[in-house]
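Trainee: Please find one structure pasted underneath; my questions will follow.
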Amino acid sequence: MSTLDTPLVVAGKTYHSRLMVGTGKYQDLEETQNAIQASGAEIVTIAIRRSNIGQNPGEPNLLDVISPHCYTLLPNTAGCYNAKEAVRTCRLARELLDGHSLVKLEVLGDEKTLFPDLVETYQAAEVLIKEDFQVMVYTNDDPIAAKRLEEMGCVAVMPLAAPIGSGLGIRNPYNILEIVQNATVPILVDAGVGTASDAAVAMELGCDGVLMNTAIAGAQNPILMASAMKKAVEAGRDAYLAGRIPRRRYASASSPLEGTFF
């Protein structure tokens, strides 16, 4: 972290890494563990409906390689298509993780696009917040929707950059920038990152962090890609803090003409 920077704070807890990672799509638990270590991430998200964190005693337990003592676990509601399913999944996560209250809410609209269903997302967020969950919420890149979720009490808003798993990168940087500039909670790009340059762009826009899974797990060398993403997030953040030069239509000479010898 740059000496010019301040740590990321989510739900009152401080983090030095602004890269958050998922646990799906890896070949095995060993690769999962090694990639997460290479990423330097401190927040690791887990799909409760697809991962074993103790509910299936006879199967490999993800918590054997991702200890709650080393990482902040972020249970998510991936695979939920209505508010009722999402709320039930968060309650299960709280039970399995001994009262853990930080969750990532995502309520999907359909299986083709995996875009969020905002009506169901609002309903689920309202219930979860009333039940004292700390909700980090997946949403689209609509600035109005993002602000509404913030005002409801979500502790972080996570707009998509592009469809989940698409690797298309930041499709609408202007909307992401608008969300960032109007927010008072952390804005974390979630979904659509494909390579290191995408992560850097998200950070250069002023996002507080980036969450990704497929971009690392689906790479030909996940461990190396995890390391690349770590560096990209750090470089993008430093570039944002440094302040880029303005874009110009015409050239601007690097060396002044005044004081030349001939």
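Positions of Cβ are set from backbone N, Cα and C atoms, glycine also.
When I checked Swiss-Prot for this same protein, it listed these features:
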- Lys104: active site, schiff-base intermediate with DXP (ACT_SITE)
- Gly165, Ala191, Gly192, Asn213, Thr214: 1-deoxy-D-xylulose 5-phosphate binding site (BINDING)
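In the displayed structure, how are the listed features positioned relative to their neighbours?
Mentor: Long-range Cβ neighbours of Lys104 (active site, schiff-base intermediate with DXP) (same chain, at least 6 residues apart, Cβ-Cβ under 8 Å): Thr45, Leu74, Pro75, Asn76, Thr77, Met136, Val137, Tyr138, Met158.
In sequence order, Leu114, Ala191, Asn213, Thr214, Gly218 are the residues of the chain that are 6 or more apart from Gly165 (1-deoxy-D-xylulose 5-phosphate binding site) and have a CB within less than 8 Å of its CB.
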Trainee: Inside 8 A of the center formed by the CB atoms of Gly165, Ala191, Gly192, Asn213, Thr214, which other residues of the chain have their CB, for the recorded 1-deoxy-D-xylulose 5-phosphate site?
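Mentor: Other same-chain residues near the 1-deoxy-D-xylulose 5-phosphate site: Pro163, Ile164, Ser166, Gly167, Val193, Met212, Ala215.
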Trainee: Check the binding-site residues Asn213, Thr214 for other C-beta atoms within 10 angstroms of each C-beta and report the one with the most.
Mentor: Asn213
Trainee: Sort Lys104 (active site, schiff-base intermediate with DXP) into helix, strand or coil using the DSSP assignment.
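Mentor: Looking at the DSSP assignment, Lys104 (active site, schiff-base intermediate with DXP) belongs to a strand.
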Trainee: Tell me the coarse DSSP state (helix, strand, coil) of Thr214 (1-deoxy-D-xylulose 5-phosphate binding site).
Mentor: helix
